[in-house]
Amino acid sequence: MSQQRPARKLPSLLVDPAEETVRRRCRDPINVEGLLPSKIRINLEDNVQYVSMRKALKVKRPRFDVSLVYLTRKFMDLVRSAPGGILDLNKVATKLGVRKRRVYDITNVLDGIDLVEKKSKNHIRWIGSDLSNFGAVPQQKKLQEELSDLSAMEDALDELIKDCAQQLFELTDDKENERLAYVTYQDIHSIQAFHEQIVIAVKAPAETRLDVPAPKEDSITVHIRSTKGPIDVYLCEVEQGSHSSNKTSDNVGTSSSKSKPLEHPQPEKEENPPQQSEEVLEVSN
């Protein structure tokens, strides 16, 4: 006959009250419905707002946006639009969304290079060059290109003038051409632009000075001065079909030298020292 040993008492284990409740419900078939997941109402709008707020808190402004260069550009935009170039630093700090210390960093640099001056503790005034034309970069570039073209054209014209002056010097300095340095009445008469006009020819030594004062309503006055010899004045009234220059006009004033027809100049040796001469011609309409 077998002997029954007394049952040993097992050590107690820690059991979660929640798990014990579940076990009891599992043993009880009546409470099976209690195991079904309960409906939980979720407010999606609140969760969306919550997530968006978290993301907004994590978003940081780029480093460039808060750099001194960026703030200086924004500051200059405010200066350009400020009446009289006067700014209130308190308002500037508010518009830029920075501390006043950052604004003072900008104004101190501009004050050091004499671009702004302090009107009061919180007010500065722009004293630099006009900022209204700083935005016209394309127009400025176009003007620079036009200026470059004009400079190139000016250089080309200077070369042409220099070349013409050299040719004229070689022409007048040639001894063979010296004896032909004159014009005749027929030469003047052949010029179409001189027809029906009064032409006054002047023969004067070198360095003769000719002054034409402001013309009057009915006349024009010409002053001719020479310190190296006499001045010869010739009246040549060119008319269509005329073949002589001996005609005179009442509208031409007299001069110290008598008017005479054009003739071939004959070189003469100067025995006397040069005499000063002055001619005053007045032509009336």
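Cβ coordinates come from backbone N, Cα and C, glycine included.
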*For the region 'Leucine-zipper' entry in Swiss-Prot, name the matching range from 55-76, 143-164.*
143-164
*What are the DSSP helix/strand/coil residue counts across the region 'Dimerization' (130-222)?*
49 helix, 14 strand, 30 coil
*If you run through the motif 'DEF box' (95-129) with DSSP, how many residues end up as helix, strand and coil?*
15 helix, 7 strand, 13 coil
_Rounded mean pLDDT for the residues that make up the motif 'DEF box' (95-129)_ = 83
